[in-house]
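*Asks:* Can you keep this structure in mind? I'll have questions shortly.
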């Protein structure tokens, strides 16, 4: 029991490191977010002879788990422990601070690896495509979320919060997250990993009313019940709904599946039912309000007297054609104007092409693929939002990534990837990066950044205070 | 769970020590670990049946983790009601014995693929003696791979 099975930690490291460089099948994953890590996890488990290298543009890993999940949803981030385990796997290596597309090309990766999996997600925004979209005070939700979550490229967003009413276009979970962060009591937010800068800005915020506007009706909202319930229960806020927008819902409830039914019931209860006495008093005392508005599409963002800053939004009034998920919003010709000083567009993220050598469908904004295999590109795969479009929670991405990994494993074992011929893997890419002056950040370097963030956070009673600047991350990594 | 760093299970060793102390009259406490367990039969996605034993009070997620059961992606949020990956399906008879479901659990369960009327989240179901011998099916977490959306068209 206490014999040869008890290696010392450093012995084990040495032995498994040499085992990993002996792993014959080399796979590279581009993108260190949930898709990348789940794909790697599945590959490592399914193949005992595979080495998986994860390349990530930022020094820090975890993608939207770090920069997308709301600060007041820390449990969702528990998946990080699984990702950390994967990164520590003997046959896995993380290379942060490597920009695929500029520091190294996809072609170069395909030469060095048997298989390349693209999982770099969706860093662009869908735009409304209406006049006034470029006015001050109009922000894509992705940028607003990136701002309060410490994404370096959104550090200087400085959204103007000195107006009373904010309008959010879109009714998915991102829209609900933004509404909740705009209206949450500061005392709640200050215990989270929200950035100090945005916390200070929100503490000064004048925003008291948030309207969440959708093109279609209550039965089509893309948000889910947990997030809606959080709005209903948000301290010091009251719902401000238009009861007539919910006419006919009670009938529709009878024939829909349970998830949609419970969500609609909650909306109806909040919008239509007279509240119990305690709730009535709570609403009366509330200093902030939120509401859902339906059947409205943006036509134009209107400027105030200075001509530069948003003061309102003109909306087309729609009617629905068809029912359920497939129903379509059709303009009626009527228009309406809402006064507001802040507009946040939450109508979808969008993937961007990072390398001309990779097939890309500009209409759907995805890499065309079948079961994760990129079309007309043997040895090239995709997983996560780049594969299916920017929809779904972490579990969706997990399953999607497992499927792609399954395709890679099938191809590695069936012989169609010529996995028997030796490929250099990272020993081929390392010298290229070196020559180009690119210094990758290792996972243990990330752990130094992690430790520093947690140290700074502890001083403020927060789980972490994120570093906002890539240079600072690199400096910390090199200590 | 008692293990050495190399994974050797120490529990039998501890049991033996207690037994020796009992027999020598030095241990006043009768330490019997054998009959305090509840047997659960899991049915994996490919139909494989896996039997495991847990203690009353353990959740089904605890059991899956403690016994190292190999269900892909199970329990991603570590039992904090922030995902639906510990989704399990039961027979009507067993479902009735599992106790009430909170709104919080229902909210996350509503997101589970292949939701049924007898579905629960494993992290919220705790073992009791009355559940001895229960069966829990791990459902598919995504459409069959051949039906996975083909984004080529």
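Each residue, glycine too, has its Cβ placed from N, Cα and C.
All annotation found in TrEMBL is predicted automatically rather than curated by experts.
So TrEMBL lists the following for this protein:
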type    : residues                                               : note
BINDING : A:35, A:56, A:64, A:100, A:385, A:392, A:393, A:394    : FAD binding site
BINDING : A:171, A:172, A:173, A:174, A:215, A:216, A:227, A:392 : NADP(+) binding site
DOMAIN  : A:26-183                                               : domain 'FAD/NAD(P)-binding'
REGION  : A:449-479                                              : region 'Disordered'
*Asks:* Can you grab the distance from residue A:227 (NADP(+) binding site) over to residue A:35 (FAD binding site)? Cα atoms, rounded to a whole Å.
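*Replies:* With the alpha carbons as reference points, the distance is 23 Å.
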*Asks:* Looking at the binding-site residues A:64, A:172, A:173, A:227, which ones have a CB within reach of chain B, meaning under 8 Å Cβ to CB?
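*Replies:* So none of them sit by chain B.
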*Asks:* Restricting to the domain 'FAD/NAD(P)-binding' (A:26-183), what is the model's mean pLDDT?
*Replies:* 97
*Asks:* Given a 10 Å Cβ-Cβ cut-off, pick out the one of the binding-site residues A:173, A:174, A:215, A:393 that has the most other Cβ atoms nearby.
*Replies:* A:174
*Asks:* Between the Cα atoms of residue A:215 (NADP(+) binding site) and residue A:392 (FAD binding site), find the distance and write it as a whole number of Å.
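*Replies:* If we compare the Cα positions of residue A:215 (NADP(+) binding site) and residue A:392 (FAD binding site), the gap is 20 Å.
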*Asks:* According to DSSP, which kind of secondary structure is residue A:393 (FAD binding site) found in, if we only use helix, strand and coil?
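*Replies:* SS state of residue A:393 (FAD binding site) = coil.
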*Asks:* Using a Cβ-Cβ cut-off under 8 angstroms and a sequence gap of six or more, which residues of the chain neighbour residue A:385 (FAD binding site)?
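*Replies:* Same-chain residues close to residue A:385 (FAD binding site) (Cβ under 8 Å, separated by 6 or more) are A:35, A:121, A:122, A:349, A:351, A:391, A:392, A:397.
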*Asks:* Which value in Å gives the longest Cα to Cα span across the NADP(+) site residues A:171, A:172, A:173, A:174, A:215, A:216, A:227, A:392 as recorded?
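*Replies:* Answer in Å: the longest Cα-Cα distance is 20.
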*Asks:* So which of the binding-site residues is most packed in, judged by how many other Cβ atoms lie within 10 Å of its Cβ, out of A:56, A:227?
*Replies:* A:56
